Amino acid sequence: MHIAVLGAGSWGTTLAVLLARKGHAVKLWAHRPEFARTLQAERENTRYLKGTLFPDSLEVVGDLDGCIAEAEMIVTAVPSQALRETARAFSSLPFQGKIIVNVAKGIEVGSGMRMTEVLMDELPGLQPGRVAALYGPSHAEEVAREQPTTVVASSPSMETAEAVQEVFHTSRFRVYVNTDIVGVEVAGSVKNIIAIAAGISDGIGFGDNAKAAIITRGMAEISRLALKLGGDPMTISGLSGIGDLVVTCLSRHSRNRFVGEELGRGRSLDDIITHMNMIAEGVLSSKAVYALSSSLGVEMPITQAVYEMLFEAKPVEQAILDLMTREPKPERD
């Protein structure tokens, strides 16, 4: 199959390599033409995925039109807040009939839209049954080294979800399917915010009790928002929910946990972001999800605390005190 992967960061590069290793003809699009030329010449992404060599069937290009033209499937792997701009750039190209698989995790600032909603908004000819999300506990560094990984392909159309499953599934990259794309996308987006909170706990020096509480109560927040938006709370117990939440809150590879840890140690957000090589999606997602939850009347205190620490300069100690001194209540409320 001819596949276009849009976005040459660590995850886009990893998936392009995985697909090429499986025998697909893959074009990896890089936003900056000079970066595309460097990757094509060096046959390795030393900036984002050092040590993973490109298979012969992987071509890196800077021409979006040429990348899309032959593709039967398009994988969008650009940062979540850049997805609208990218989709708009190929909205006039012949994408009809192609399956579009989004792998970026986030909620758009301003609109409060999930990533597949952004795609539908910018691509009027895109049918809901031709779009999918591929989410789950899947750090690029481990997938690139072919360490066992499981994810879920979700689409309103089971036929599309199964088509994505067939394209991506390998003996080291197991793909499940479901049709609850709302639950999958909400879980994959909010977990990054909860991971920032988990990182803050690490940075301050709190123990396992605090981390367990953040993960568990974070799951409750994800479930409440997913249910309000029409998702199935049971999805949160799956790979895109608890699976991705645990790995993002605990892993040394997690950018979002790293941001939180550095905040907990006293560094400013601006300083952390300036010196990071990659994007931590949870930072801007906290702004989008807090606004969305507030407008819907969904209580998400951990999300609110992260937002206030990141964007309202609320002291970490005060945010923790506010969380711990909230009115006592039943666990399932």
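Cβ atoms are placed via backbone N, Cα and C, with glycine included.
Since we're looking at a predicted model, the values are computed, not measured.
Same-site candidate for sn-glycerol 3-phosphate binding, as annotated by Swiss-Prot with Lys105, Gly136, Ser138, Asp244, Ser254, Arg255, Asn256, chosen from Lys191, Lys211, Lys287: Lys191.
Swiss-Prot names Ser10, Trp11, His31, Arg32, Lys105, Arg255, Ile279, Glu281 as NADPH ligands; from the candidate set Ala71, Ala140, Ala313, the record adds Ala140 to that same site.
Counting other C-beta atoms within 10 Å of each candidate's C-beta, the binding-site residues Asp244, Glu281 are led by Asp244. If you count neighbouring Cβ atoms within 10 Å for each of the binding-site residues His31, Lys105, Lys191, Arg255, the highest count belongs to Lys191. The number of other CB atoms found within 10 A of the CB of Ser10 (NADPH binding site), across every protein chain shown, is 25. Fewest Cβ neighbours within 10 Å among the binding-site residues Ser138, Ser254, Asn256: that distinction goes to Ser138. Taking the Cβ of Gly136 (sn-glycerol 3-phosphate binding site) as reference, residues of its chain lying under 8 Å away and at least six apart in sequence are, in sequence order, Thr149, Thr150, Val151, Val152, Gly188, Leu239, Ser240, Gly243, Asp244. Using Cα positions, the member of the binding-site residues Ser138, Lys191, Ser254, Asn256 nearest to Lys105 (NADPH binding site) is identified as Lys191.
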